[in-house]
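Engineer: If you scroll down you'll find the structure; I have some questions about it.
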Amino acid sequence: MSFRPVDQELFPGILNALFSSLSGSGREEDKCRLIPQSVAAGARVPGFKSSSATFQTFTAWCNSHLRKAGTQIENIDEDFRDGLKLMLLLEVISGERLPKPERGKMRVHKINNVNKALDFIASKGVKLVSIGAEEIVDGNAKMTLGMIWTIILRFAIQDISVEETSAKEGLLLWCQRKTAPYKNVNVQNFHISWKDGLAFNALIHRHRPELIEYDKLRKDDPVTNLNNAFEVAEKYLDIPKMLDAEDIVNTARPDEKAIMTYVSSFYHAFSGAQKAETAANRICKVLAVNQENEHLMEDYERLASDLLEWIRRTIPWLEDRVPQKTIQEMQQKLEDFRDYRRVHKPPKVQEKCQLEINFNTLQTKLRLSNRPAFMPSEGRMVSDINNGWQHLEQAEKGYEEWLLNEIRRLERLDHLAEKFRQKASIHEAWTDGKEVMLKHRDYETATLSDIKALIRKHEAFESDLAAHQDRVEQIAAIAQELNELDYYDSHNVNTRCQKICDQWDALGSLTHSRREALEKTEKQLETIDQLHLEYAKRAAPFNNWMESAMEDLQDMFIVHTIEEIEGLISAHDQFKSTLPDADREREAILAIHKEAQRIAESNHIKLSGSNPYTSVTPQIINSKWEKVQQLVPKRDHALLEEQRKQQSNEHLRRQFASQANIVGPWIQTKMEEIGRISIEMNGTLEDQLSHLKQYERSIVDYKPNLDLLEQQHQLIQEALIFDNKHTNYTMEHIRVGWEQLLTTIARTINEVENQILTRDAKGISQEQMQEFRASFNHFDKDHGGALGPEEFKACLISLGYDVENDRQGDAEFNRIMSVVDPNHSGLVTFQAFIDFMSRETTDTDTADQVIASFKVLAGDKNFITAEELRRELPPDQAEYCIARMAPYQGPDAVPGALDYKSFSTALYGESDL
């Protein structure tokens, strides 16, 4: 039992009462002794009046305690005279042993025993200057009653305190609160408020409703009400009957001390229930916090698992680099990737940001409730999610680069394949019939002139053959490049190329063989028509030029910039400038043919028909020339179309660059402004939070500008534009910057919310928070949001901490650093600084407090049972404890005993739950 000084309002009343009771004795020495030395404690003495009710109540109160020792008193002013029962009473109510009493019958023995009792009372902080052992031994009734009242005040009423009130006011407040719900009960004092007996019945019914049928009581029958309360209290609550119902009813103002004494017995009888209620409330509060934290942990585990599963499913798709055969198939893959970036990924970005916010909030709540930090299950840490996310973004980047490179490759392959087919077709058309011609043995029956003609014709063929050597090499080179670029139809290309090469080798061999045969019979040949020979020699290269021109005019082209198409147009213009010279050459060649015909006719020479030296007839030259004339305007049209396309692409580049050069710097500026806001933080935390949320809305409202940029970027990709010299910003840079901006503002808001949570939970005032922020910012010289060790030490010194550069100061500083920087990173964040300052200035529940509360519920036992938990706690929290408490293993264990001590330490991370 703990003791406090006697109530300063009640105890002096006893002394004055005793003073007034002795004022007529005429003993001046006694009057002088009654001047209270307790005046130093502020005591004054009102009158003390005794009555039969006082004698009855005090006697019953004393007997309620003496019967525990197997004795009682009959006459309160006679039975305490020898001091024996007085010492016994004090031992019973205090639970302490007094000095051994003297058993003699002489007056000195009695005085010594009473003095031992008075000395014990004085040792408990009560100065009984006005009461002497002689008065008690002499049977002075008023002095004896005053002493008993002092004992009642000290041991029965003094410890009653409700909301820092005095003992009497506390007891009255307790009565008022307990009887407030009951009709016809209005407790304002300890006399007339109790006359009708309803207040006594209400106190019993409030705590033991099964003992009283309160609704059947009548205010106009006070005697019945009082006797009912007295009988129930004596029978079921072990409170002896200290008052008489008729005396209370027939007295205008019942004795206040008698009623206070009796009512205090009810308070002590029911105080155990009050302690159990307080203990249950504390446990409920602790368990509610633990249940909420466990729910947040489960939510984090679920969200983290879902996000990691989505990342694990998505990465294999992004790492699937199986090339397709056509551009259309690859463009479909690119469109699928765009859908992923626009539709599927943004919600996951938001989930990741929200997951980090929930994790930080949970850790803050755990710190504020003095719980250990939350450690997610293996593989679900925030770092695991960040690593997975980084792997995902790397896969995204690689996948997009691969898609664009594949499209470029396929586009190049299509261009080369078409070029190969065109050149191969032209060559195959040229070689058609050449083997038959070279194998023809017409020289065996030809005349000399015919042979000479055949020789000249063969020379012209060799010239033509040499001119085609470059084309064959080009065909082989294109086929080789298609093989190196892994063209899907490489087999057919190689087959066709091999056939052309084999045929070319055969033509070379046949040409050599025919030349040998013609040279063998050359001596037998006469002259050959020089004009036909000249025609053939000039017609062949001109024919090749026209074929090359037609090939170039029909050649496929691919460009990516306006400069490239303008280069092609310039080259085409240069080609057109050579057409007049070519036309003159054509007319000259045709003139040679006309001159040969004129000479033959004039000399009556019979020509065999076509020129024996060449198969290129004037009709062929005119036909091909006409074809060239037709292809030139078509080429003009194609180049102009491509020029318009490139001009459109240039417009898209400039349009995108114009928007990107606005959005990019805007995002960068906002990131810098958020950095300054997070450091400066002016006004209250609520003002800062409101300002940051307005700032966040302004950022979200800027999203249409990003959507417009996405639309422009989509047009650029659809147009297969791969570079843009007008801006340094790519869409990827803009996306990453935007995601970082949203994440940064969300994290800054979360930091302020956690500071509010810390301030409210720890009771930190706004002025303290501002002082902490001002001190932190003052020493954060680089505005990086964290302090180095020396900056942090200077900050602590400015706040009054003794961490100077000596052995004691260094030890204290190292202790503080181990708290604010447990990972030894060398930096102290503002959140860690706030957590430290809040722990230094506030208090939280501890495991010892929870253990003490469980011990109250268990009735001071070292274990608790499931029945006791279900009786004292709400159902869900009782079952929560039962499911998690380990069986009690102590020597005093009973079946079903539960270990509440290990459970309580586990709540605060001091052991495993």
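Note: Cβ is positioned from N, Cα and C throughout, glycine not excepted.
These figures come from a predicted structure and were not determined experimentally.
Summarising the annotation, TrEMBL assigns domain 'Calponin-homology (CH)' to 52-156, 165-271. Among the features that TrEMBL reports, coiled coil is placed at 451-485. The domain 'EF-hand' annotation in TrEMBL covers 767-802, 808-843.
Describe the structural context of each listed feature in the structure shown, including burial, neighbouring residues and relevant distances.
Structural biologist: Residues 409, 412-413, 416-417, 419-420, 423-424, 426-427, 430, 434, 437-438, 442-443, 493-494, 497, 500-501, 504, 507-508, 511, 514-515, 518-519, 521-522, 524-529, 532-533, 536-537, 540-541, 544, 612-614 of the same chain sit 6 or more residues outside the coiled coil (451-485) yet have a Cβ under 8 Å from a Cβ within it.
Note: the domain 'EF-hand' (767-802) comprises 23 helix, 2 strand, 11 coil (DSSP; helix = H, G, I, strand = E, B).
Mean pLDDT, taken over the domain 'EF-hand' (808-843), works out to 78 on the 0 to 100 scale.
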Engineer: Hey, which bits of the same chain come close to the domain 'EF-hand' (808-843), Cβ under 8 Å, at least six residues off its ends?
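Structural biologist: Long-range Cβ neighbours of the domain 'EF-hand' (808-843): 364, 367-368, 751, 754-755, 758-759, 761-764, 768-769, 772-773, 776, 785-789, 792-793, 795-796, 799, 801-802.
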Engineer: I need to check the long-range neighbours of the domain 'EF-hand' (767-802): which residues 6 or more away from its ends have a CB within less than 8 Å of a CB in the stretch?
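Structural biologist: Same-chain contacts beyond the ends: 675-676, 678-681, 684-685, 755, 759, 808-809, 812-813, 816-817, 820, 826-830, 833-834, 837, 841.
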Engineer: Quick check on the domain 'Calponin-homology (CH)' (52-156): DSSP residue counts for helix, strand, coil, in that order please.
Structural biologist: 67 helix, 0 strand, 38 coil
